[in-house]
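What Swiss-Prot records for His28 is active site, and it gives sequence analysis as the kind of evidence. Swiss-Prot lists His96 with the feature active site, charge relay system, giving similarity to another entry as the kind of evidence.
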Amino acid sequence: MASSKSDPFQSIFAFKPHRKRHNFIFLHGFGSEYSSFKHVFKLFEKKRWSFFAFNFPGHGNNQSNSVDELKLKHYVELVCDFIIQKRLKKVVLVGHSMGGAIAVLVNAVLRERIKALVLVAPMNQTSFVVSKKRILDTLFTRSPKNQQDFIEHTDDKKSIVNFFVGAFKKRVNFKTLYSDMVQNAKYGNDYLEAGYNAIKDKPTLVVLGSNDIVTPTKASVEYLAKHSETIIFKIIDGVGHSPHYYAPKLFFDYIGEFLDNIKRNKDK
């Protein structure tokens, strides 16, 4: 049985080489877990890049029934506490979907400790505004290209549709968290909007999938570009909401180019 309280740091997955230039923290999405980045972790280890990852309350091996813990603001507080406790600096936050929203909100709180943001299909005010026709087309046109939109990146490859149906029927915690996310993503909600406004000139890489129907690609680019002129956008063709999972090498290469670009600009 899940406990009412949880400790997201009880099972941290970390790689800490002796010499490190950056401290990466991976922030997973709704209903996912840090293992969604497992292919990327292998590439980081080969490069000897330091990173940390953990599961938010209600996810993976960190189950919780506490309504107070299943909120976006609580997740933000947890990440901020982790950075402060570990005395981390030069932090690069890598956030997917909900984790992307958490990343921008953490940056707004601990701006001096955050070196850069890597946002993967980040939740924003264009999220959850999905065309019903596009969903149906994706469900009933079973081509490899659009099928990926509805494949969850867990090991058993469950359909994301079945995942949501099962979660909503059996698990009150996901209902609570999903409602909180939708509320935070609505137009007119100052909390998440303030986070995106706080990006300003912070080096930021946004990676999107061309077939994403959860975080609409074109609308997200237009929305995010209004908040910062320095954001670098990369769109990976043929993938949906999890470009880091379906194209890990390309995703990793984009991060490398992004960091090299930051260094060049600093050396000027």
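Cβ coordinates are placed from backbone N, Cα and C, and glycine is handled just like the others.
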Of these active-site residues, His28, His96, which scores lowest on Cβ atoms within 10 Å?
His28
According to DSSP, His96 (active site, charge relay system) sits in strand
About how far apart, in whole Å, are the alpha carbons (Cα) of His28 (active site) and His96 (active site, charge relay system)?
5
Let me know the DSSP-derived helix, strand or coil state of His28 (active site), please.
coil
